[in-house]
Each structure stands twice: as C-alpha cells, then as structure tokens.
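Asks: The structure follows.
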C-alpha cells in the first residue's frame, strides 16, 4: 500500500511541474515589470501610474481565470448512466457483442438516457473502465481516470481536463494570458530598444527588462494561434477531440452535428448574460449531458438529476424532456415558412423550471 501511495504522490508532483513553471513565470514577470521596469527604470511619473493602473486589473483577471481552470472539478457522469449490478454482471459475462448491445439498449430505454452518439459500429458508447454508458460528447480521460463530460483535452499546463465545467475558464485564461503578454510586450518595447542602443543604465535590472520583452513576445505568439483555434472551436461548437474525429450519430459521422450557428454556439459556452461573458464565472448552458443538435434524435430524451460538482454553479436538470419537435431540424420547416433562416434553440435554465429561447444569428 505504501509503494502505490508514494508512486501516486510522485506522479502528482510531476504533473504539477508545468503549473509551477507557469506560476513562477507570472511571479517573475510581476517583479520584472512592476519593480525593475516601472519603479526603477521608467522616469516619467505619469507613465508609471498609467502602466501600473492598467497592468494590475489585467493580471487579476488572468490569474483568476487560470485559478478557475486549474481548480474547478471536471464534470463527471451522473449515476443514472452506470449499469445496475445485475445488468453489469450479465454484460461482463456475455458470450458475444450482440448480447452486450442488447443490454445497453435495454438500460438506455428503461432509464430514457439522452444518448444520440454511437460507436463506429453503431452501438451505444460504453466505457469498460468506468462501467457506464457514455453521455454524448463524453470521453474517458486516462490522466483523470474517469469519464469526463464534453471532454476537450487534458491540458498539462493547467493539470486539469478542459471539459464542460472548465471550458469557458480555459478560453478566458487563454484570452487574458494573450492580453497580458501583448500588454507587457507593448509597454516594454521602448526599453527593450534602449537596451540595445545603450540607453539603459548599467545593472542587472536591464537584463530583466530584456527577458521581460522577449518572453512576453514569444508567449504571445504561441497564444495567438491557440486562442484563435479555441475561438474557432467555440464558434463551431466542437471540442478538440471532435475536430479530429467527428461525432458519430445514428446516421453516421457528422462534424457539424452540434453546430447551432455562431451566436447560439457562443451562448452555449459563455451563457446568456453578457455582463458575465468575460468573467471566470460558470455560465454555460445545459447540464453537460444533453446537447441540442441539428439532427432529429428520433425519440424523447431526458437529462439526469445529480449533484453539482464542487466549484460548478450549474446543477443537472431534473427530468425535463426534449422531444423531436424541440430539435433544430424538427422545427426547421415551420420557421422557414415564417421567413427565419434558422430556428431558435431552446435550453432549460439552471433551476430547471423554465425554458429560455436563444435567438438565431443568421
């Protein structure tokens, strides 16, 4: 018992190294920018004040988004998706895959589970490690050791899964990190030039300013592509995993199966309250289990009741059904006849009592 515990502690320590590195860079950048540059190098008092007044709110938002991305628990599979003991026993001792398929179909029908995605063979998705039916967009993370709702990827730089509960925080983290780097690079550029032209006084402080500009510029370049990529994924309602392998529905693979239009896609991640869009506060729509699609599911689906993960503010809804008429294509003809090119998408609000209509963007 002692050996596995030590191994787990060592593994956890190794996984924390990227986070420790990022935190160390942030702490050093604060020292280099606030003290070495603003306090001891910038001579104009007004310039110092402006730099510091703009710097600290940006640093706060960056650190807040990073903190939330790291420490927000991932969305886990509700208990209703786990096979009952009797069915699990039959499933594990089944003689062939056809019997296993029938067992999964039976469980899904009896519990009215909201699963539309399938495997390559058309079977209901099942996790052998977690012993559960996989909700749509859910994948097993080998690092976390669990199935994660709407898994995007496991990011070593935050030592956490980017998923349903953390995706908004992760995008904000990238955005504020990019702004932080660009701001430092822009305000330190003139002193970087003075370093090479001999305009800075001799001393160790000038090397801090040199590396401050260089590090912020290089990190900024790398963040531009990463932030832009995740904005693209957000606007197209895809995860990183789905961008490489399209989700498979009953009719086959469909890369735009969850694409509801740019405006609706953005709202699904960032929520409806505009004043909270840029705050690291959980405002994503839905329950992490059931997602509106462009495809008619063919039957009614119900979301599952479960407890809210610590750190998340959106509880799973309580058995609110969404049938064919509530899917985008189910109402397409009606709205086309009324002159609307794309019907609105209906979500349940966070208390599960009312529905919210999201206007189309096209």
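Placed from the backbone N, Cα and C atoms, the Cβ positions cover glycine too.
Here TrEMBL flags 12-33, 49-67, 169-189, 209-232 as transmembrane segment. Under the heading region 'Disordered', TrEMBL lists 301-362. Here TrEMBL flags 301-326, 350-362 as compositional bias 'Polar residues'.
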Asks: Which sequence positions outside the transmembrane segment (169-189), separated from its termini by at least 6 residues, show Cβ-Cβ distances below 8 Å to it?
Replies: 29, 33, 37, 51, 54-55, 58-59, 61-62, 65-66, 68-69, 72, 152, 155, 158, 162, 209, 212-213, 216-217, 219-220, 223-224, 226-227, 230-231, 234, 269, 278, 280, 282
Asks: Same chain only, please: residues at least 6 beyond the ends of the transmembrane segment (12-33) with a C-beta under 8 Å from a C-beta of the stretch. Say none if there are none.
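Replies: Here the qualifying positions are 55, 59, 62-63, 66, 70, 143, 156-159, 184, 188, 208-209, 211-212, 215-216.
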Asks: Determine which residues of the chain contact the transmembrane segment (49-67) at the Cβ level, with the cut-off under 8 Å and only residues 6 or more beyond its ends counted.
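Replies: Apart from its flanks, the transmembrane segment (49-67) reaches 22, 26, 30, 33-34, 37-38, 42, 158, 169, 172-173, 175-177, 179-180, 183-184, 187, 278, 280.
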